[in-house]
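One structure below.
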Amino acid sequence: MKTKPYEPNNSALGYSVGVTLDRFIKSKQDDFPFASGELSQILRDIALASKIVNREINRAGLSNISGAFGNTNVQGEEQQKLDVVANIRFCRALTKGGEVCAIVSEEDDEVIDLQNSSGKYVVAMDPLDGSSNIDVNISIGTIFSIYRRVTPVGSPIQPEDIMQPGSKQVAAGYVLYGSSTMLVYTTGKGVNGFTYEQSLGEFFLSHPNVTAPENGSIYSINEGLKSQVSDGVNNYIEACKERNYSARYIGSLVADFHRNLLKGGIYIYPSTAKAPHGKLRLLYEANSLAFIAEQAGASATDGKNRILDIKPTSLHQRTPLYIGSKAMVEESQEFLKETEISQ
Ligand SMILES: O=P(O)(O)OC[C@H]1O[C@](O)(COP(=O)(O)O)[C@@H](O)[C@@H]1O
Ligand SMILES: [Mg+2]
Ligand SMILES: [Mg+2]
């Protein structure tokens, strides 16, 4: 029998759909720290939940899951129905996936123990970030960090399994529900971004090996906080203005971070008079994005210390955050030091 190798005539297609997230994960599995397939499964579970959440978000205005849930979470913040829905979807996917033993979620005051005697991983997550933007059709996100538990698999979960510094993350990522939906993640070997093709129900590699510009000309801060923040922060923002930098602030951390990561810029949520430890959460906002930032060549500090070096002391701990292009983060720290010295 005559045979021939498969040689598709790609010019007939017009475009190639490219590499799916699933294939990409498989092709990179050997890069993973423990390479047994469990971490790959967690990433798949997160991708699956994000597709469901994406669908819920898209139709929120037409369904009864928009608006407030009528409850406040442990942070004293009003929960939106979609915060609750997203939390359930991600927790369910991670439970059914079978690789996770515990979940830390913004929406749950305590650690969720999945009672999974074979789960080697702990996930910390902000199921829906930027929830004040849900009902006004503005970009929102999901943020996640994955850690390997440190105590023996099968034994009861211990605080040291949960309270690990960000430098111990084995993977982290975010999903941006924006003008298109994207999943961006790292396993400590660079950062890759995938765009969701809704009609095919698949994420495709669209942003291979993301690298952050060394410097930038975008600054992102809630300027309504001006009277509450330090002189150092205000002086740095003034310097940005004098250079005609662009002010861009969406109010969804994932969206603000993503833009600055690709275009070059800095996102600042400093300590304020009302929130001396800042507003953002270390375990499932700052750590995840700091890991991605560093893997892309950017950086993240709390104004003094590298975010990834901070040893957490409480589950929903907050931290100031200066994150983005290396040169901008460094310069902002110089402004903070100068005012500290002159005070
Ligand atoms: O309204 P502010 O104070 O500028 O806060 C905005 C920040 O708060 C957050 O919304 C907090 O996230 P949640 O929506 O997950 O609580 C960030 O996404 C965002 O950057
Ligand atoms: Mg958030
Ligand atoms: Mg949230």
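Cβ coordinates come from backbone N, Cα and C, glycine included.
Going through Glu7, Glu242, Glu285 against TrEMBL, the one listed in the Mg(2+) 2 site together with Asp126, Asp129 turns out to be Glu285.
Annotated Mg(2+) 1 binding in TrEMBL involves Asp126, Leu128 plus, out of the candidates Glu99, Glu106, Glu107, the residue Glu106. Annotated substrate-binding residues in TrEMBL are Asp129, Gly130, Ser131, Ser132, Asn222, Lys279, and among Tyr6, Tyr185, Tyr249, Tyr322 the one listed with them is Tyr249. Among the binding-site residues Glu106, Asp129, Gly130, Ser132, Asn222, Glu285, the ones whose Cβ sits under 6 Å from an atom of ligand 3 are, in sequence order, Glu106, Asp129. In sequence order, Glu106, Met125, Gly130, Gly141, Thr142, Ile143, Leu253, Val254, Leu280, Arg281, Tyr284, Ser288 are the residues of the same chain, not among Asp126, Asp129, Glu285, whose CB sits within 8 A of the CB centroid for the Mg(2+) 2 site. Restricting the average to the domain 'Fructose-1-6-bisphosphatase class 1 C-terminal' (213-336) gives a pLDDT of 98. Checked against ligand 1, the binding-site residues Asp126, Tyr249, Glu285 give Asp126 in sequence order as having a Cβ less than 6 Å away from one of its atoms. Recorded residues Ser131 (substrate binding site) and Glu285 (Mg(2+) 2 binding site) have their alpha carbons 14 Å apart, per Cα-Cα distance.
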